[in-house]
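**Student:** I grabbed these lines from TrEMBL:
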DOMAIN    A:21-215  domain 'ABC transmembrane type-1'
TRANSMEM  A:25-48  transmembrane segment
TRANSMEM  A:60-84  transmembrane segment
TRANSMEM  A:90-115  transmembrane segment
TRANSMEM  A:153-175  transmembrane segment
TRANSMEM  A:196-215  transmembrane segment
Amino acid sequence: MSSEVFTILGSLDWSDIGLATLETLAMVGGSLLFTVILGLPLGVILFLTGPRQPLAHAQIYAVLSLLVNLLRSTPFVILLIVLIPFTVALIGTSIGVPGAIPPLVIGATPFFARLVENVLREVDRGIIEASQAMGATLPQIVFGALLPETFPGLLAAVTVTAITLVSYAAMSGVIGGGGLGDLAIRFGYQRFQTDVMVITVAVLLLLVQVLQVFGDRLVLRFSHK
Amino acid sequence: MIDIEHVSKHYVVDGIAVPALSDVSLRVEQGEVFGIIGVSGAGKSTLVRTLNLLERPDSGRVLVDGSDITLFSKTQLRSYRRKTGMIFQHFNLIGAKTVAENVRFPLKLTGEYTTAEIEQRVDELLELVELSGHRDKYPAQLSGGQKQRVGIARALANRPKLLLCDEATSALDPQTTQSILHLLLDINRRFGLTIVLITHEMDVIRAVCDRVAVLDQGVLVEQGRVAEVLLHPQHALTRALVQESCPQGESAKISARLNLPGPLLRLTFLGAITHQPVLQRIAAAFALGFNIIEGVIGHIKETPYGQITVQVIGAVPDLARLEAAFGEHSVRCELVQP
């Protein structure tokens, strides 16, 4: 039995798997960066324009909320396909690691923004009130009170988003994105190489596990509760 | 000096307008400690928040040193708020910031101070509230009283002229409450800071306030010097609140149970006379005995006071003469039951 497993594993092209893992990491890392850059302000604006918040504005909130829900309710596989023309127009290709990043960012940003909104809503209203009473401007409240106060929660939201992006990145293999998903589909699915499939899933699992543990550590490091 | 003039405010709850403040007018003098008391839902929080416009009145004016703050521009309002401290029932500290960082926050908002000036001020403030040894702790590591001290240091950071206290001691145990109240009084004296506080406890009013206003369902029902309001409450709510803090008014029942003849007198002492043996002197002069039925002796801020109900034992003389004799000692004498 053990020699059988060894034989199967021995026949694998480990350099392909290594490359695919690096590609996946690049897709997750790149898209996570842009997701945070776009999603954090979107989440803050969602929060601030929400009911009874400092910039409460029913119309703006409704439009943003609808947009976020629209993108979140579209299955990511569909989003991948629908966005192909947009991705080509934006960066000239829709395949490989670069081609996967725009749909990943567009798929994950609304998700992350909603998480950010929820994290901010957890802040005691008294903290905003106290800041207002001190004569803080809105940017001072956001950067001086809200974001520092919610930093651990935001780190947790980034962790959850990174993990979602791992699975999204694997899915992008369907339309020719690189990485582990691509490997699983081309070898594991189309060529019936079960061993590749198993290893891919194992690497993905390991990746998710590492991200979660690392994220939890960071959250704990910055919590002062 | 603050003048609240005809301030009204309502909230809309489920489409129905609920009045929170109805035509409230009051004046707070420079340097005094002004208390606003009422039961929960009376509009106290709303009223104190009109003083820094965390709540904007629907109508009426809020004059601070002659200018109507409801007419301030955003910039004017911000700089006014920076000169107006506020502390809260639940402290509202930023949990992710240390004690020193929390106190630094209002100083950094102004953009007026250098880093060295800010650090010096933070040190001064922490010393004032006796938290110098806790500067790098997080709020979660502090007791309630310590958290409120951080709140006070933060509120005083920009050397305000006015300090608003929103139920500042309501979440604290009685002993901690006393120490926070002492700190507030100390600050009031040392810096001539005007303090407006709201509370539902008459004990807080008695301990620190110079004057008090009683709020009942958004309406100001009584106001005046604390001694006057406490010793001679006019409104039913005020009587109930006084009663809560020092139960009195059972005299008739008690004397009926004791089955002793003789009229009941309520004697009110205020000031140094409280500690004089007035009862003994009058008892000797009239050859009478006094049976103390119930009463309270304590301090209103720093002024000693007492209010006791006594039963006159012995051959009761002309009551008017007895009242006059008490009056000579500046003791107010009222007949409760002949």
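Yeah, the Cβs are placed from backbone N, Cα and C, and that goes for glycine too.
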**Student:** With CB pairs under 8 Å as the measure, which of the listed stretches A:25-48, A:60-84, A:153-175, A:196-215 comes out on top against the transmembrane segment (A:90-115)?
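**Tutor:** Answer, by Cβ pair count: A:25-48.
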**Student:** Taking a Cβ cut-off under 8 Å, which residues six or more beyond the ends of the transmembrane segment (A:153-175) line up next to it in the same chain?
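**Tutor:** Sequence-distant neighbours of the transmembrane segment (A:153-175): 24, 27-28, 31-32, 35-36, 39-40, 76-77, 80-81, 84, 94-95, 100, 103-104, 107-108, 111-112, 115-116, 119, 122, 147, 181-186, 200, 204, 207-208, 211-212, 214-216, 218-219, 222.
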**Student:** In terms of Cβ proximity under 8 Å, which residues at least six beyond the ends of the transmembrane segment (A:60-84) contact it?
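**Tutor:** For the transmembrane segment (A:60-84), the list is 42, 45-46, 49-51, 94, 102-103, 106-107, 109-111, 113-114, 168, 171-172, 174-175, 177.
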